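In what follows, a single structure is set out as structure tokens and then discussed.
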There are 2 protein chains.
Amino acid sequence: MDKIRIGIVGYGNLGRGVQYAASQNKDMEVVAVFTRRDPAAVQTVLPVKVKRYDAMREYVGKIDVMILCGGSATDLPAQSAEVVQLFNTVDSFDTHARIPEYFEALDAAAKKAGHLGAMSIGWDPGLFSLARIYFGSVMPDGGTYTFWGKGVSQGHSDAIRRVKGVKDARQYTVPVESALERVRSGENPVLTTREKHTRECYVVAEEGADLARIEREIKEMPNYFADYDTTVHFISEEELREKHAGIPHGGFVLRSGKSAADNRFLLEFSLKLDSNPEFTSSVLVAYARAVYRLHAEGKTGAVTAFDVAPKYLSPLTEAEQRKELL
Amino acid sequence: MDKIRIGIVGYGNLGRGVQYAASQNKDMEVVAVFTRRDPAAVQTVLPVKVKRYDAMREYVGKIDVMILCGGSATDLPAQSAEVVQLFNTVDSFDTHARIPEYFEALDAAAKKAGHLGAMSIGWDPGLFSLARIYFGSVMPDGGTYTFWGKGVSQGHSDAIRRVKGVKDARQYTVPVESALERVRSGENPVLTTREKHTRECYVVAEEGADLARIEREIKEMPNYFADYDTTVHFISEEELREKHAGIPHGGFVLRSGKSAADNRFLLEFSLKLDSNPEFTSSVLVAYARAVYRLHAEGKTGAVTAFDVAPKYLSPLTEAEQRKELL
């Protein structure tokens, strides 16, 4: 079997995760990692060539799908429309408000080049988006709820680190169990931001810092914490390293509603992940298979998880899928 | 907006459910119900024309999608390849062992006629199949588990009714909570039939019947009960009518596994339905929308849920889907 040849652009947590995930799929091989750092300084988790970002062009015809592992804030908006001129791509763009413009830019660049780019792939956006569209489509009269956690929010952890006197921090987003139970009971409640999630912060302060001020500044931070019930725990650097080194996450999508004859339905999708980036990577790799197959069928432009039939994700043949999974 | 014109073939629990479900979708209208009974004897839950099965041919060009609401044992194998010669179809064929041959027959007939037939649509096969293919694709190293219930199994209820001295019966399939917990714990256990589900039977006996014999015959029935821990409760006809009139069902699909770096993942999809046929119908109706759209794009032949991209199911435009659901 000819393997699907994967390139990895960017080698942080997500890039490492993609390399691990590709190693679990027999029909894939990672050809090279591309980085804007000094390639000699990049240590990979499994053996693979590491090349400069600018060397990508030499791999045209040698890589089928590039998996873009940069961040959504600045990396992906610049990279995706650029890389898709040379290769098919998959990315995990997750800045929700900018999805429409990102789609337009990627779609135009991909169509012009005759390539295919899958965007906003992962678990949210990604699998959770799938739950929302399937659940809403099969149950028109109802309400959809998304809860995140318990898990580490990198963005919120970073926000705490920017507070004066903070040396390091880890923030957990925690779904409110009683709110989940209200949804499961079929009540279809209107829930405020505060009612859905709490925020738990583990903070290492610099020596002699004013802890009361740090706690106040965190709790009053607009957008990040002000709308939530927030708890701040000051801990030692050692405890942070020992107990909060992982990047777990999880969450729930629920839809509760009813038939025209007033019979109630409840649908729930949940996931629990010891490593958020490693799972996101695993989803990216499955969509790389889909991108490879769809492009082989002549599909070009930008797609999201909504545009990809599930059969394209599975390593099984279509006949095997029907026999074993249907 | 031009509405999608639906026909309903067969008017039992599922046919009624389709009529209810279509009424919840603004882009659909039910044009007619087709029955092999005397149309005058069919009472519909909402106003609609009822026609003889053989009158279907007069509706060519007036109905976009026929939803086949017959049973999998004899109705659907005969009907689907016949009706698809005149119309696009959706059905809920669920005899697992016969899916490959059913697919071939439907695919050939549909392609010849230039129509599209979606088969094995509902929640299992259907949404549960989707969970199995998505979960397996994004987590190659793991195990998938399907549990059903708590819910009424019509087939098992019918089997009990065939026991001598039984007047009526209702059978519930119940997932074993401790087995579910073992899967959720990440243990990846090998579970026997007996370890996954129990069977609870509520039986109305004829007056003077030998209850001990009835209980023994139920519990020893091969395929249906012998491999399960089965409980038999004898109750009055009145209690059966009062407490067991509904057709609830539900279930769980779980996949537990890990990354190449040994981080554990757990994915779970569950549903809880007050009415099994009304929810199945609601899924059939969403796929009727997909069939209508895919056929308009030129797609013919047989498809399952695996072949249909989620975007085709939603009443929203693709731009709205990306903005609101991604």
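Keep in mind that glycine also has a Cβ here, set from the backbone N, Cα and C atoms.
What TrEMBL says about a protein is an automatic prediction, not a curated fact.
Among the candidates B:His244, B:His249, the residue that TrEMBL annotates alongside B:Trp148, B:Thr173, B:Arg199, B:Asn276 as binding substrate is B:His249. The candidate set comprises the binding-site residues B:Thr35, B:Ser72. Of these, B:Thr35 has the most other Cβ atoms within 10 Å. Residue density at B:Thr173 (substrate binding site): 21 other Cβ atoms are found within 10 A of its Cβ, drawing on all protein chains shown. Within the set B:Tyr11, B:Gly12, B:Asn13, B:Leu14, B:Thr35, B:Arg36, B:Arg37, B:Cys69, B:Gly70, B:Gly71, B:Ser72, B:Ser92, B:Phe93, B:Asp94 that the record links to NADP(+), no two Cα atoms are more than 24 Å apart, and one pair reaches that distance. Cβ neighbour count within 10 Å across all protein chains ranks B:His249 highest among the binding-site residues B:Arg199, B:His249. Cα of B:Asn276 (substrate binding site) to Cα of B:Asn13 (NADP(+) binding site): a span of 9 Å. B:Phe93 (NADP(+) binding site): 26 other CB atoms within 10 A of its CB, across all protein chains. Residues B:Trp148, B:Thr173, B:Arg199, B:His249, B:Asn276, recorded as contacting substrate, have a largest CA-CA distance of 18 Å. Of all the binding-site residues given, namely B:Tyr11, B:Trp148, the one with the smallest number of surrounding CB atoms inside 10 A is B:Trp148.
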